[in-house]
Amino acid sequence: MTVSPNTAEQAYLDLCKRIIDEGEHRPDRTGTGTKSLFAPPQLRFDLSNDTFPLLTTKKVFSKGIIHELLWFVAGSTDAKILSEKGVKIWEGNGSREFLDKLGLTHRREGDLGPVYGFQWRHFGAEYKDCDSDYTGQGFDQLQDVIKKLKTNPYDRRIIMSAWNPPDFAKMALPPCHVFCQFYVNFPTSSPDPNNPKQAKTAKPKLSCLLYQRSCDMGLGVPFNIASYALLTKMIAHVVDMDCGEFIHTLGDAHVYLDHIDALKEQFERIPKQFPKLVIKEERKNEIKSIDDFKFEDFEIVGYEPYPPIKMKMSV
(Lines of atoms letter the chains of each structure in order from A and count residues from 1; the text may use other names and numbers.)
(Lines give C-alpha, C1' and ligand atoms only; values in the text may rest on other atoms or scores of the structure.)
Protein backbone atom coordinates (compact mmCIF):
# COMPACT_ATOMS: atom_id res chain seq x y z
CA MET A 1 0.00 0.00 0.00
CA THR A 2 1.36 3.42 -0.99
CA VAL A 3 1.27 6.00 1.79
CA SER A 4 0.66 9.56 0.65
CA PRO A 5 2.99 12.30 1.92
CA ASN A 6 -0.10 14.56 1.95
CA THR A 7 -1.46 13.61 5.36
CA ALA A 8 -3.86 16.59 5.48
CA GLU A 9 -5.77 15.53 2.36
CA GLN A 10 -5.67 11.91 3.53
CA ALA A 11 -7.30 13.00 6.81
CA TYR A 12 -10.12 14.60 4.79
CA LEU A 13 -10.61 11.38 2.77
CA ASP A 14 -10.49 9.23 5.92
CA LEU A 15 -13.18 11.40 7.52
CA CYS A 16 -15.43 11.08 4.44
CA LYS A 17 -14.97 7.31 4.57
CA ARG A 18 -15.76 7.23 8.29
CA ILE A 19 -18.96 9.23 7.73
CA ILE A 20 -20.08 6.79 5.01
CA ASP A 21 -19.22 3.77 7.21
CA GLU A 22 -20.38 5.00 10.62
CA GLY A 23 -22.60 8.03 10.01
CA GLU A 24 -26.25 8.20 10.99
CA HIS A 25 -28.72 8.13 8.12
CA ARG A 26 -30.63 11.41 8.34
CA PRO A 27 -33.25 13.19 6.26
CA ASP A 28 -32.30 16.74 5.30
CA ARG A 29 -33.72 20.04 4.07
CA THR A 30 -32.97 19.27 0.40
CA GLY A 31 -34.72 15.88 0.43
CA THR A 32 -31.61 14.04 -0.82
CA GLY A 33 -30.73 12.28 2.44
CA THR A 34 -27.33 12.12 4.14
CA LYS A 35 -24.99 10.05 6.29
CA SER A 36 -23.86 12.33 9.11
CA LEU A 37 -21.46 12.60 12.06
CA PHE A 38 -21.47 15.44 14.58
CA ALA A 39 -18.27 17.29 15.54
CA PRO A 40 -15.63 14.92 14.15
CA PRO A 41 -11.93 15.70 14.77
CA GLN A 42 -10.74 18.98 13.28
CA LEU A 43 -8.97 19.08 9.93
CA ARG A 44 -5.67 21.00 9.90
CA PHE A 45 -3.80 22.41 6.91
CA ASP A 46 -0.31 23.90 6.89
CA LEU A 47 -0.29 27.13 4.86
CA SER A 48 3.40 27.95 5.23
CA ASN A 49 5.66 28.41 2.18
CA ASP A 50 2.68 29.42 0.00
CA THR A 51 1.06 25.96 0.40
CA PHE A 52 -2.52 26.02 -0.90
CA PRO A 53 -4.80 23.16 0.27
CA LEU A 54 -6.59 22.52 -3.01
CA LEU A 55 -7.54 18.84 -3.08
CA THR A 56 -5.53 16.75 -5.52
CA THR A 57 -7.63 13.56 -5.56
CA LYS A 58 -10.08 15.36 -7.86
CA LYS A 59 -9.82 18.57 -9.83
CA VAL A 60 -11.31 21.41 -7.77
CA PHE A 61 -12.86 24.47 -9.44
CA SER A 62 -10.20 26.97 -8.34
CA LYS A 63 -11.55 29.73 -10.59
CA GLY A 64 -14.86 29.51 -8.72
CA ILE A 65 -13.15 29.64 -5.31
CA ILE A 66 -11.23 32.82 -6.14
CA HIS A 67 -14.16 34.62 -7.79
CA GLU A 68 -16.55 33.70 -4.96
CA LEU A 69 -14.16 34.91 -2.26
CA LEU A 70 -13.54 38.22 -4.04
CA TRP A 71 -17.34 38.54 -4.33
CA PHE A 72 -17.69 38.00 -0.55
CA VAL A 73 -14.92 40.54 0.13
CA ALA A 74 -16.69 43.07 -2.11
CA GLY A 75 -19.81 42.67 0.06
CA SER A 76 -21.83 41.55 -2.96
CA THR A 77 -24.95 39.39 -2.67
CA ASP A 78 -25.88 39.28 -6.37
CA ALA A 79 -25.47 35.77 -7.80
CA LYS A 80 -25.66 37.14 -11.35
CA ILE A 81 -22.28 38.87 -10.91
CA LEU A 82 -20.72 35.45 -10.29
CA SER A 83 -22.70 33.77 -13.08
CA GLU A 84 -21.38 36.31 -15.58
CA LYS A 85 -17.85 35.20 -14.64
CA GLY A 86 -18.77 31.57 -15.35
CA VAL A 87 -19.24 30.70 -11.66
CA LYS A 88 -22.74 29.27 -11.31
CA ILE A 89 -22.54 27.81 -7.79
CA TRP A 90 -25.16 30.21 -6.37
CA GLU A 91 -27.63 29.99 -9.27
CA GLY A 92 -29.76 27.29 -7.64
CA ASN A 93 -30.25 29.29 -4.44
CA GLY A 94 -30.88 32.49 -6.39
CA SER A 95 -33.34 31.06 -8.91
CA ARG A 96 -36.86 32.46 -9.23
CA GLU A 97 -38.33 29.11 -8.18
CA PHE A 98 -36.14 28.84 -5.06
CA LEU A 99 -36.74 32.44 -3.92
CA ASP A 100 -40.49 32.08 -4.47
CA LYS A 101 -40.48 28.86 -2.42
CA LEU A 102 -38.99 30.87 0.48
CA GLY A 103 -41.69 33.53 0.11
CA LEU A 104 -39.20 36.07 -1.31
CA THR A 105 -41.44 36.76 -4.30
CA HIS A 106 -40.57 40.49 -4.35
CA ARG A 107 -36.86 39.73 -4.69
CA ARG A 108 -35.33 39.82 -8.17
CA GLU A 109 -33.71 36.65 -9.47
CA GLY A 110 -30.12 36.33 -8.27
CA ASP A 111 -30.65 38.52 -5.17
CA LEU A 112 -29.56 36.22 -2.34
CA GLY A 113 -30.34 38.59 0.52
CA PRO A 114 -27.93 39.51 3.35
CA VAL A 115 -25.61 36.50 2.94
CA TYR A 116 -21.86 36.21 3.66
CA GLY A 117 -20.47 39.32 1.97
CA PHE A 118 -23.12 41.58 3.48
CA GLN A 119 -22.50 40.24 6.99
CA TRP A 120 -18.72 40.51 6.61
CA ARG A 121 -18.80 44.14 5.45
CA HIS A 122 -22.13 45.62 6.67
CA PHE A 123 -23.18 43.64 9.76
CA GLY A 124 -26.28 45.18 11.34
CA ALA A 125 -27.24 47.35 8.35
CA GLU A 126 -30.80 47.06 7.06
CA TYR A 127 -30.84 44.98 3.88
CA LYS A 128 -32.99 46.32 1.04
CA ASP A 129 -31.77 44.56 -2.11
CA CYS A 130 -28.54 43.53 -3.80
CA ASP A 131 -28.44 46.67 -5.98
CA SER A 132 -28.42 49.19 -3.10
CA ASP A 133 -25.25 51.00 -2.02
CA TYR A 134 -24.41 50.18 1.60
CA THR A 135 -21.22 52.26 1.83
CA GLY A 136 -20.63 53.28 5.45
CA GLN A 137 -23.60 51.26 6.72
CA GLY A 138 -23.35 48.56 9.39
CA PHE A 139 -20.16 47.22 10.93
CA ASP A 140 -17.25 46.23 8.66
CA GLN A 141 -16.01 43.06 10.36
CA LEU A 142 -13.36 42.34 7.75
CA GLN A 143 -11.70 45.75 8.16
CA ASP A 144 -11.98 45.34 11.93
CA VAL A 145 -10.07 42.04 11.72
CA ILE A 146 -7.34 43.74 9.69
CA LYS A 147 -7.16 46.73 12.06
CA LYS A 148 -6.80 44.46 15.11
CA LEU A 149 -4.09 42.38 13.42
CA LYS A 150 -2.14 45.58 12.72
CA THR A 151 -2.63 47.25 16.10
CA ASN A 152 -3.16 44.44 18.64
CA PRO A 153 -2.26 41.03 17.19
CA TYR A 154 -2.52 39.40 20.64
CA ASP A 155 -6.24 40.25 20.76
CA ARG A 156 -8.48 37.23 21.43
CA ARG A 157 -11.40 38.90 19.67
CA ILE A 158 -10.12 38.85 16.09
CA ILE A 159 -13.32 37.31 14.81
CA MET A 160 -15.64 37.55 11.82
CA SER A 161 -19.14 36.07 11.95
CA ALA A 162 -21.79 35.61 9.28
CA TRP A 163 -24.35 34.35 11.84
CA ASN A 164 -27.05 37.01 12.20
CA PRO A 165 -30.40 35.37 13.16
CA PRO A 166 -32.61 38.47 12.64
CA ASP A 167 -31.53 38.46 8.97
CA PHE A 168 -32.21 34.76 8.31
CA ALA A 169 -35.71 35.34 6.93
CA LYS A 170 -34.21 37.57 4.23
CA MET A 171 -31.46 35.12 3.23
CA ALA A 172 -31.73 32.60 0.40
CA LEU A 173 -29.54 30.36 2.60
CA PRO A 174 -28.27 30.97 6.16
CA PRO A 175 -24.47 30.68 6.39
CA CYS A 176 -22.91 27.21 6.45
CA HIS A 177 -19.40 28.49 7.22
CA VAL A 178 -20.35 30.62 10.15
CA PHE A 179 -17.52 32.04 12.13
CA CYS A 180 -13.75 32.44 11.89
CA GLN A 181 -11.07 33.53 14.35
CA PHE A 182 -7.55 34.68 13.53
CA TYR A 183 -4.45 34.11 15.65
CA VAL A 184 -0.89 35.38 15.26
CA ASN A 185 2.21 33.36 16.15
CA PHE A 186 5.40 35.32 16.69
CA PRO A 187 8.70 33.69 15.71
CA THR A 188 11.38 32.93 18.33
CA SER A 189 10.88 35.67 20.92
CA SER A 190 7.82 37.89 21.00
CA PRO A 191 8.34 41.50 19.95
CA ASP A 192 9.21 43.69 22.92
CA PRO A 193 7.03 46.82 22.92
CA ASN A 194 9.77 48.61 24.92
CA ASN A 195 12.41 47.79 22.34
CA PRO A 196 11.22 48.90 18.90
CA LYS A 197 14.69 48.28 17.44
CA GLN A 198 14.57 44.58 18.29
CA ALA A 199 15.66 42.58 15.27
CA LYS A 200 12.90 40.68 13.52
CA THR A 201 14.17 37.32 12.35
CA ALA A 202 10.99 36.38 10.51
CA LYS A 203 7.47 37.63 9.95
CA PRO A 204 4.66 36.70 12.34
CA LYS A 205 2.41 33.85 11.14
CA LEU A 206 -1.33 34.27 10.71
CA SER A 207 -3.60 31.28 11.33
CA CYS A 208 -7.35 30.94 10.82
CA LEU A 209 -9.86 28.76 12.67
CA LEU A 210 -13.23 28.21 10.98
CA TYR A 211 -16.41 26.84 12.54
CA GLN A 212 -18.76 25.39 9.93
CA ARG A 213 -22.21 24.31 11.13
CA SER A 214 -23.20 22.38 8.00
CA CYS A 215 -20.51 20.57 6.06
CA ASP A 216 -21.23 19.01 2.66
CA MET A 217 -18.11 16.84 2.69
CA GLY A 218 -18.11 15.78 -0.95
CA LEU A 219 -18.83 19.03 -2.77
CA GLY A 220 -18.74 22.01 -0.41
CA VAL A 221 -15.96 21.33 2.09
CA PRO A 222 -13.09 21.14 -0.46
CA PHE A 223 -14.25 24.57 -1.66
CA ASN A 224 -14.48 25.97 1.89
CA ILE A 225 -10.99 24.74 2.85
CA ALA A 226 -9.38 26.46 -0.14
CA SER A 227 -11.51 29.59 0.26
CA TYR A 228 -10.52 30.26 3.88
CA ALA A 229 -6.89 29.38 3.11
CA LEU A 230 -7.01 32.06 0.40
CA LEU A 231 -8.71 34.56 2.71
CA THR A 232 -5.93 33.98 5.27
CA LYS A 233 -3.33 34.55 2.54
CA MET A 234 -4.98 37.80 1.43
CA ILE A 235 -5.26 39.18 4.96
CA ALA A 236 -1.69 38.09 5.77
CA HIS A 237 -0.43 40.04 2.75
CA VAL A 238 -2.28 43.20 3.77
CA VAL A 239 -0.94 43.06 7.36
CA ASP A 240 2.58 41.97 6.29
CA MET A 241 2.54 38.51 7.85
CA ASP A 242 3.22 34.99 6.64
CA CYS A 243 0.61 32.22 6.79
CA GLY A 244 0.53 29.62 9.55
CA GLU A 245 -2.33 27.12 9.57
CA PHE A 246 -5.96 26.75 8.58
CA ILE A 247 -7.94 24.74 11.13
CA HIS A 248 -11.42 23.51 10.17
CA THR A 249 -13.96 22.71 12.89
CA LEU A 250 -17.00 20.84 11.58
CA GLY A 251 -20.47 20.61 13.14
CA ASP A 252 -22.90 18.44 11.13
CA ALA A 253 -20.41 16.74 8.79
CA HIS A 254 -22.43 14.89 6.17
CA VAL A 255 -22.14 13.01 2.91
CA TYR A 256 -25.14 13.23 0.59
CA LEU A 257 -26.32 9.77 -0.41
CA ASP A 258 -25.90 10.60 -4.09
CA HIS A 259 -22.21 11.48 -3.49
CA ILE A 260 -21.21 8.13 -1.96
CA ASP A 261 -20.24 6.38 -5.21
CA ALA A 262 -18.24 9.40 -6.37
CA LEU A 263 -16.37 9.56 -3.06
CA LYS A 264 -15.62 5.83 -3.21
CA GLU A 265 -13.95 6.48 -6.56
CA GLN A 266 -11.97 9.31 -4.94
CA PHE A 267 -10.84 7.04 -2.07
CA GLU A 268 -8.97 4.90 -4.62
CA ARG A 269 -6.69 7.83 -5.45
CA ILE A 270 -3.51 8.59 -3.52
CA PRO A 271 -3.21 12.30 -2.62
CA LYS A 272 -0.36 14.24 -4.21
CA GLN A 273 1.43 17.27 -2.78
CA PHE A 274 -0.72 20.39 -2.53
CA PRO A 275 0.06 23.18 -5.01
CA LYS A 276 1.29 26.63 -4.06
CA LEU A 277 -0.68 29.85 -4.45
CA VAL A 278 1.32 33.02 -4.97
CA ILE A 279 0.41 36.66 -5.36
CA LYS A 280 2.03 37.87 -8.58
CA GLU A 281 5.28 39.70 -7.89
CA GLU A 282 4.41 42.76 -9.96
CA ARG A 283 1.24 43.35 -7.92
CA LYS A 284 2.57 42.75 -4.40
CA ASN A 285 3.52 46.37 -3.71
CA GLU A 286 0.33 47.72 -5.27
CA ILE A 287 -2.00 45.68 -3.04
CA LYS A 288 -2.25 47.63 0.20
CA SER A 289 -5.91 47.03 1.08
CA ILE A 290 -8.10 43.92 1.12
CA ASP A 291 -10.23 45.66 -1.52
CA ASP A 292 -7.30 45.96 -3.95
CA PHE A 293 -7.19 42.26 -4.88
CA LYS A 294 -8.27 41.14 -8.37
CA PHE A 295 -8.75 37.67 -9.82
CA GLU A 296 -5.62 38.06 -11.98
CA ASP A 297 -3.40 38.69 -8.93
CA PHE A 298 -3.25 35.01 -7.99
CA GLU A 299 -1.28 32.20 -9.55
CA ILE A 300 -1.63 28.54 -8.59
CA VAL A 301 1.65 26.71 -9.16
CA GLY A 302 2.19 22.95 -9.41
CA TYR A 303 -1.44 21.83 -9.32
CA GLU A 304 -1.57 18.37 -10.90
CA PRO A 305 -4.83 16.83 -9.71
CA TYR A 306 -6.57 13.64 -10.77
CA PRO A 307 -9.50 14.19 -13.17
CA PRO A 308 -12.73 15.81 -11.92
CA ILE A 309 -15.42 13.70 -10.25
CA LYS A 310 -18.97 14.92 -10.82
CA MET A 311 -21.17 15.45 -7.77
CA LYS A 312 -24.64 16.98 -7.88
CA MET A 313 -25.41 19.98 -5.68
CA SER A 314 -28.49 19.58 -3.49
CA VAL A 315 -30.50 22.82 -3.33
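Numbers run from 1 along the shown chain.
The backbone N, Cα and C atoms fix where each Cβ goes, glycine too.
Worth saying up front: this structure is predicted, and the values here are computed from it rather than measured.
Residue environment of Ser214 (dUMP binding site) contains 19 other Cβ atoms, counted within 10 Å of its Cβ in all protein chains. Here Swiss-Prot flags Arg29, Arg156, Arg157, Arg213, Ser214, Cys215, Asp216, Asn224, His254, Val255, Tyr256 as dUMP binding site.
Among the features that Swiss-Prot reports, active site, nucleophile is placed at Cys176. DSSP gives Cys176 (active site, nucleophile) a coil state; it is part of no helix or strand.
What Swiss-Prot lists as (6R)-5,10-methylene-5,6,7,8-tetrahydrofolate binding site is Asp216. Remark: Asp216 (dUMP binding site) has Cys176, His254, Tyr256, Ser314 as non-local neighbours, by Cβ distance under 8 Å and separation of at least 6 in sequence. According to DSSP, Asp216 (dUMP binding site) sits within a strand segment.
If you take the C-beta of Arg29 (dUMP binding site) and look for same-chain residues 6 or more apart in sequence within under 8 angstroms, you find none. Whole-number maximum of the Cα to Cα distances across the dUMP-binding residues Arg29, Arg156, Arg157, Arg213, Ser214, Cys215, Asp216, Asn224, His254, Val255, Tyr256: 36 angstrom. His254 (dUMP binding site) is surrounded by 27 other CB atoms, counting those within 10 A of its CB over all protein chains shown.
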